[in-house]
Amino acid sequence: MAFNRRSKNITQGISRSPNRSMYYAMGYEKEDFDKPMVGVANGHSTITPCNSGLQKLADIAIKTIKDSGGNPQVFGTPTISDGMSMGTEGMKYSLISREVIADCIETAVNGQWMDGVLVIGGCDKNMPGGMIAMLRTNVPSIYVYGGTIKPGNWKGKDLTIVSAFEAVGEFTAGRMSQEDFDGIERNACPSAGSCGGMYTANTMSSSFEALGLALPYSSTMANPDDEKVGSAAESARVLIEAIKNDLKPRDIVTRKAIENAVAVIMATGGSTNAVLHFLAIAHAAEVEWTIDDFERMRKKVPVICDLKPSGKYVATDLHKAGGIPQVMKVLLDAGLLHGDCMTITGQTVAEALAHIPSVPRADQHVIHPIKDALYEQGHLAILKGNLSPEGCVAKITGLKNPVITGPARVFDDEYSAMDAIMANKIVAGDVLVMRYLGPKGGPGMPEMLAPTSALVGQGLGESVGLITDGRFSGGTWGMVVGHVSPEAFVGGLIGLVEEGDSVTIDAHKLLIQLNVPEEEIARRRANWKQPAPRYTRGVLSKFAALASSASKGAVTG
């Protein structure tokens, strides 16, 4: 049986002789035209440590595809460093890069009639961008995560990149010495790999393992370790088998599979960005999934992993404790996973977990049994109210002050808010309102890690509320609410909040409310005018014109 189901369209027949001439120029032989053409979407880049260790994974995948009877076709995908662009205009390109990556992969795979694709990525938006493309093209596919960074260390304390962001606030508040500030800066990132807590990259990689389109254990391996190369090779072998069996992403990514992925996100205390990205992934898979489904899942899935940013441990600790397979086995035995879902290996979830012990090892403290869950319900809550009738996202577990009502401190951009924080003009009890930062208004929903980390560093992380129509980094924690929809730019109520207004965030009631009389709101709405777009050309302008509401995943098509 021939497995070049798609590529035969450009390699077979008399009329394709010129095509074969071009392949011969790249070292192909006649017998290669009967083999499947397998894309390798290589996200290697020296822009960021998240992607700087990917080439070795691409190299072994290329070799393994060839040794397994395929023709590897390598092409590059771009990346943005969320950490480096944070707090600058560059952060506006972060979410947009999700769409750009998806478009790049879709264009190469479909333009060249590839029979399958192996996607390699590292930084945050590489994951959803690659997955969206895999689902759009619906050719046999597998995701290879570049791996997590190892924890840094300073004076015996483990560090992540968030340690460096929080140090900015501590240092400027006079709560940290120059020696410690410099020491954290120099030692926070000791290797290649993505940011080490259960931040966005590790959240998405873990969810892909649960979804069934990445290999078991692959999502928590560290990039520098040899097992990461071995996993990339095995991924290539598994992909060739999937091509032979015509096992495609949409055969795997069903509504039940997405429930499995979201269950793991809740159980591990994952990033708020997962809400946005899984809305987009479901859209690409043509699976019915809404923002309210996250709240449904939150109510039944406990948090069983003690992971940063709000917990103690990092992804490498999770790996040593048994990784995502151990988390999934605990959830499966509790009736919180669908064991009959298919995975890219050809096994069901239940079959893949059959050899995993039901109870986590006693010599680790990262993964808890259900009876000893850290929190009885999940952490990613969907809040609604007059400020966000479509829904917005907050992490609500572990909050010392789950309810706050305070005066609004209103900022129409991130920079003025950051200036106010650094000048010590924000005090306990305030509610920061950062707006015109949504999909269309930002544009691109920039992340607010710099201001939230500065507040934490100043000791205000538990006593100040923050709401925005932008996003938060996976490293953010505290009384913060993002993805407020509808956004200010399209007339959402967040755009009508005035300095000093009373605003309530209530994690118990899942409420976000502007405490202003309806008559006053109506008066303000009558006087509101949509501002001019911040960009009128280029990719930012394109995204602003096409992006849907954050409550729909900020998808562009």
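Residue 1 is the first one shown; counting continues down the chain.
Every residue, even glycine, has its Cβ placed from backbone N, Cα and C.
For the Mg(2+) site, Swiss-Prot lists D82, D124, K125; matching the candidates E376, E390, E414, E447 against that entry yields E447. Just one of C104, C195 is listed by Swiss-Prot for the same [2Fe-2S] cluster site as C50, C123, and that one is C195.
A separation of roughly 9 Å, to the nearest angstrom, links the Cα atoms of C195 ([2Fe-2S] cluster binding site) and D124 (Mg(2+) binding site). DSSP classifies C123 ([2Fe-2S] cluster binding site) as coil under the three-state reduction.
Other than D82, D124, K125, E447, the residues of this chain whose Cβ falls within 8 Å of the Cβ centroid of the Mg(2+) site are, in sequence order, I80, M91, S94, L95, S97, C123, T200, N273, S473. Proximity note: of the listed recorded positions (D124, K125, E447, S473), D124 have a CA within 10 Å of the CA of C50 ([2Fe-2S] cluster binding site), given in sequence order. Other Cβ atoms within 10 Å of the Cβ of D124 (Mg(2+) binding site) number 33 in total over all chains. C195 ([2Fe-2S] cluster binding site) counts 31 other C-beta atoms within 10 Å of its own C-beta, drawing on all protein chains shown. A C-beta separation below 8 Å, combined with a sequence spacing of at least six in one chain, links E447 (Mg(2+) binding site) to D82, M86, M91, S94, G470, R471, F472, S473, T476.
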